[in-house]
Amino acid sequence: MCVSLFGTLVNAEKTNRPDPPSGFSKLTAAEAEEAIAGNLCRCTGYRPIADACKSFAANVDIEDLGFNSFWRKGENKDLMLSSLPQYGKNHNNVKFPLFLKEIKNDVILSSDEGSCWHSPTSLKELQSLLKLNRANGTRIKLVVSNTGMGYYKESDGYDKYIDLKGISELSKIGKDQTGIEIGAAVPISKAIEVLKEESRSDFLTEDSAMILGKLADHMSKVASRFIRNTASVGGNLVMAQKNNFPSDMATILLAVDSMVQIMTGAKFEWLALEEFFERPSLSLESVLLSIKIPSFELIGGKSDNQGCKFLFETYRASPRPLGNALPYLNAAFLAKVFMSKDTGETTIDACRLSFGAYGTKHAIRAKKVEDFLVGKVLSVHILHEAVNLLASIIVPDGGTLDAAYRSSLAAGFLLKFFNFLIDGPSKLINGCTSLPVNGSIQLNGNQNQAQHDKTPMLLSSGKQVIEDSNKYHPVGEPITKSGAAIQASGEAVFVDDIPSPPNCLHGAYIYSTKPLARITSIELRPELQRHKGVVDIISSKDIPDGGQNLGARALFSSEPLFAEEIARYIGDRLAFVVADTQKLADTAANSAIVDYDVDNLEPPILTVEDAVKRSSLHEVPPFLRPKHVGDISKGMAEADHKILSAKMNLPSQYYFYMETHTALAIPDEDNCIAVYSSIQCPQYAHATIAACLGVPENNVRVITRRVGGGFGGKSMKSICAATSCALAAHKLRRPVRIYLNRKTDMIMAGGRHPMKITYSVGFKNNGKITALDIEVLMNAGLYLDVSAIMPARLVSGLKKYDWGALSFDIKLCKTNHPNRCAMRAPGELQGSFIAEAILENVAATLSIDVDSVRSINLHTHTSLELFYPESFGEPYEYTLPSLWNKLSVSVNYDQRVEMVKEFNRVNTWKKRGLSRLPVVFEMGLRPTPGKVSIFSDGSVVVEVGGIELGQGLWTKVKQMAAFGLGEIQCEGTEGLLDKIRVVQSDTVSLIQGGLTAGSTTSESSCEAVRLSCNILVERLKPLKEKLQKEMGSIKWETLLRQAYIQSVNLSASSFFVPTTYSKNYLNYGAAVSEVEIDLLTGETRFLQTDIIYDCGQSLNPAVDLGQIEGAFVQGLGFFMLEEYETNVDGMVLADGTWNYKIPTIDTIPKQFNVQILNTGHHKRRVLSSKASGEPPLLLAASVHCATRAAVKEARKQVLSWNNEDGTDSRFELKVPATMPVVKELIGLDIVETYLKWKMEKNSEDLILEMCTAIKNLFIHKN
């Protein structure tokens, strides 16, 4: 992100914009945000990153930067500005490496793996290379920047790579009266720049300028900025031609009749782009040289009417507007039209309609539709015929995901393009995207607004309200996160950043691709078997005598490190290839040949229904089983209405930590081993490694400094990676490390628990629930892992409302899938959403407002005690009702409900929804160790059991240590914070570290540190009092020097064990979200989210704010975007960033407001604090429920078109509510339905006009 922003800053300085105020750049706030579009972050929710980027912009609203630790409420703007770091636009400290300037283009570089890299400087030289390679049969690859490797992975590599960037002819851009010629090696960003410049040219017609501008705009949505800066225009088109890449560039250039120049040997030829795609794949001898966009005045039509105008528009429906996502379908339409001033009718003189990326080999033109439309006077009937004709053309190939949805998009885009021309501008249907048109065709204000809405401006906004406290200074203050600067600069050391020791090897897994099969043999390809860099294949046979085949051991279960004879799920670890490099290890593992045998094996269990049928269930320990509440029979008998056996499904979710599983094992003397691991539970890895190797635990040391994201996925699964490296290192007596590639990680991870739910609910006429009976089949995978906690956690999330009576039957199904592990808010997320879905169904059944149903079912303190007997707290601690009402007032909820209704009334193709949700989250603290040591110079080192995962644990611990030691009350303690360092977790130095999970480890670690500090303060107090009597006052450093001289023990450890009264508590919060859906694409825009959250007495409101926003956005991904699906055998379909889409900066709420309340009513908590890591995740369901409300309005409108009254509100909106899901609920045939209704309405209007005319004539005659 830093590099992306830097490049944007440098480019902004090259513009001719006015000089900005001192300390700022020429960058605009919108450009600053766009610079990082496509970059991924799983922790922050993007808002603070966006604020940091926008702080460089001269036009930024300083008060819109959101909360940060530089300024406070009430400070004036000048003071705020002076607090910001100054931007130095000259970049004097940044110098391009001289050695790179000295590299000559024609140099030949050879790699260790035998491949060569050529950089020819002329076409003649390129021809010679191609001719030579053709004669030798060499495997070659032509590259410009080779960004295509990100999509098409190279498993084997090539003998030669030929870099085309040095050939000047391929990097030129030419312009003349016939059009613009762009060299094939020109970067996409350069092409965009040139097209934008041309669109502003005074020498072009308005039509040409408009078309070039729109081409540039669409290209700006291709990939992301840092890809566009290097990827070439020609490379994109060649991938589309040779590999069927779903290219946006191909589609939009096809619509404007582009040409390409091809060189084959010594032959040069120009081809129409359409012919280029229809030809066989380019041979190795053929090279794309340039692309030509013709002058639009040369595009003819049926008439020579001077009143003709060009219309041009491009479209793409994509999971992300800008964030590096392939489209479901893209399109570009160019039309030449004539509007009669006399009749107001529009005649289509010529048109080109191109479509791509919908599941076919390449972009195509819908020629039958073009031929049908040309010469026609546009009308509803004609458009209806065109849409029907189009349906027979845009047919995805077999096996294409969401095929029907993709086809429906084509009709929607065609309607968007032509709709406003049918009745004339004055009768535009509200909300339908229209086109800016020149000349005689003008748009009214509503049409311009619709066009503005089509591609929303990226710029986000937000307001953060927090309350700091100096009661326990510096605890409670919003200090900057510890290590933030070195993380932003890339200096923070993660496990993979540790330099490899001498003779270090690298590992990669060979895993099963069958759900249940006997392994008969595992072999590498012959060339890899002979490769000197492939050192060994480690398997269960290599477990030493006295060791165990153990991959992970936790509280409730264990799992083997490697399959022995039978692989039991796809992703099951079969072996561990060890090689000289990570790339070679990955290549060897990927190419391994595994022979399977399924004879005499039962079929695998791949569904929860099959698991129940075959009694394949995990056992939950009795002490973890949740308890029923109330009398379910009595509750059902009291109900006025019942919904019986309603069903719903919830899917899985992948963790998508930025750092995948990684470990480094280093063998030591005397059969000892040290393992550096990215893990949330080093203690468990420590015990597992010792058991696997058959050595005492004091021979093992596991070290974890920081983890690049965990979310529960770095608990049990990381133990396996650490143990694999340890086993290989133990056997080979060499260091071994692993960095799991993303694909393997996604296949093996397991992720969140998917489940199927059946429920029956009884309720009164006013929506008050009297009883809920629920059955849940939960897919836990093969091994129990931590799934034993899931039933209790799910029920805890479900209890957020007063159900009257609650009974449940939750089964943990044992299937042939990877074992599911805990993922942020495990169980609570699903339970809370199930509760919301039930209330939505109740409200729909009663045809009443769901918000009133939620309100009437909120707990009283009496019912809270019944449902949460171990954590309900005192009445004054139950803050949810006040939060619920406070949020309603602060967001003007009732007024916004009316505004949404009015918006939906006047807009046909956009609908909005609004939803307010509460969260009640039961927290539990766990025993945690801490250790504080003071050096003779007064500096302090702190160790804790908790792991820094990016959640700010170290920051809070530092604050607590400063507070705790500050109780000694001598001079200099006010600056203690800067003297404290929190160091890495070391299982030998600090034992019983436990598991960092459940949001409360920061609190537990802080309390352990406070207890340690209390011990030290008690030891120092006598000395301090003695010195004070002698010296009058005493400085911190002096006190410590004297303590060392007098042999005071200045290292203290403690083990915090929560009491029965302090172990559990409840967290409360609420959120309101507003969304807008596009009925033609199913796209959902997240307009605004407001969160209010009770943090108790926040240990650090800045850190808690980041946790709240980050958790919410991760939840938004689960409910709206992320599809972690498998095929029938359990193979993960989404195995990388191309097909698994987490939120990006363009898919977060446009207005994101958070208020943290410091209620202070929690005296049994750690300094009255409450956790913030998981509960806000549940509030993201407000976006899903708001989407459901918008879909309900859309379905109501479609019913009216079918002349049906009422609302169709009893439907299930699936999770995630992706674009295809939303569009399918609205109706894939919505365009056809609308046009049919419009034709009938026009007929009725015509009859009415005729009757009126006859009546008037009759009156006139009489």
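Cβ coordinates are placed from backbone N, Cα and C, and glycine is handled just like the others.
Straight from TrEMBL, the features:
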- Glu1174: active site, proton acceptor (ACT_SITE)
- Cys41, Cys43: [2Fe-2S] cluster binding site (BINDING)
- Ser232, Val233, Gly234, Gly235, Asn236, Asp248, Leu288, Arg316: FAD binding site (BINDING)
- Gln680, Phe711, Arg824, Gly998: Mo-molybdopterin binding site (BINDING)
- 110-298: domain 'FAD-binding PCMH-type' (DOMAIN)
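All protein chains shown were included, and the count of other CB atoms within 10 Å of the CB of Val233 (FAD binding site) stands at 27. Only Arg824, Gly998, of the binding-site residues Ser232, Arg824, Gly998, have a C-alpha within 10 angstroms of the C-alpha of Glu1174 (active site, proton acceptor). A C-beta separation below 8 Å, combined with a sequence spacing of at least six in one chain, links Gln680 (Mo-molybdopterin binding site) to Val707, Gly710, Gly712, Lys714, Ser715, Ser718, Ile947, Leu949, Leu995, Thr996, Ala997. The Mo-molybdopterin site is defined by Gln680, Phe711, Arg824, Gly998, and by the 8 Å test on Cβ atoms against their centroid, the other residues of the chain that qualify are Gly710, Gly712, Gly713, Ser715, Ala822, Met823, Pro826, Leu949, Thr996, Ala997, Ser999, Gly1173, Glu1174. Using CA atoms as reference points, the binding-site residues Val233, Gly235, Leu288, Arg316, Phe711 were checked against Cys43 ([2Fe-2S] cluster binding site), and the closest is Phe711. Residues near Gly998 (Mo-molybdopterin binding site) in space but far in sequence (CB under 8 A, at least 6 apart, same chain), listed by position: Met923, Gly924, Arg926, Ala1171, Glu1174. Comparing C-alpha positions, Cys41 ([2Fe-2S] cluster binding site) sits nearest to Asp248 among the binding-site residues Gly234, Asp248, Leu288. Per-residue pLDDT, averaged over the domain 'FAD-binding PCMH-type' (110-298), rounds to 90.
Phe711 (Mo-molybdopterin binding site) and Gly235 (FAD binding site) are 38 Å apart (CA-CA, integer value). If you measure from the Cα atom of Leu288 (FAD binding site) to that of Phe711 (Mo-molybdopterin binding site), you get 46 Å. Here Ser232 (FAD binding site) comes close to Val144, Ser145, Ala184, Ala185, Val186, Pro187, Ile188: these same-chain residues lie at least six apart in sequence, with C-beta atoms under 8 angstroms from its C-beta. Binding residues for Mo-molybdopterin (Gln680, Phe711, Arg824, Gly998) extend across at most 13 Å, taking the greatest CA-CA distance.
Summarising the environment of Arg316 (FAD binding site), the number of other Cβ atoms within 10 Å of its Cβ, over all protein chains shown, is 25. Counted within 10 Å of its Cβ, the other Cβ atoms near Asn236 (FAD binding site) come to 27, all protein chains included. Cβ neighbour count for Cys43 ([2Fe-2S] cluster binding site) (all protein chains, 10 Å cutoff from its Cβ): 24. Taking CA atoms as the reference points, Gly234 (FAD binding site) and Phe711 (Mo-molybdopterin binding site) are 41 Å apart.
In sequence order, His218, Met219, Lys221, Val222, Arg316, Pro327, Asn330, Gly356, Ala357 are the residues of the chain that are 6 or more apart from Asp248 (FAD binding site) and have a CB within less than 8 Å of its CB.
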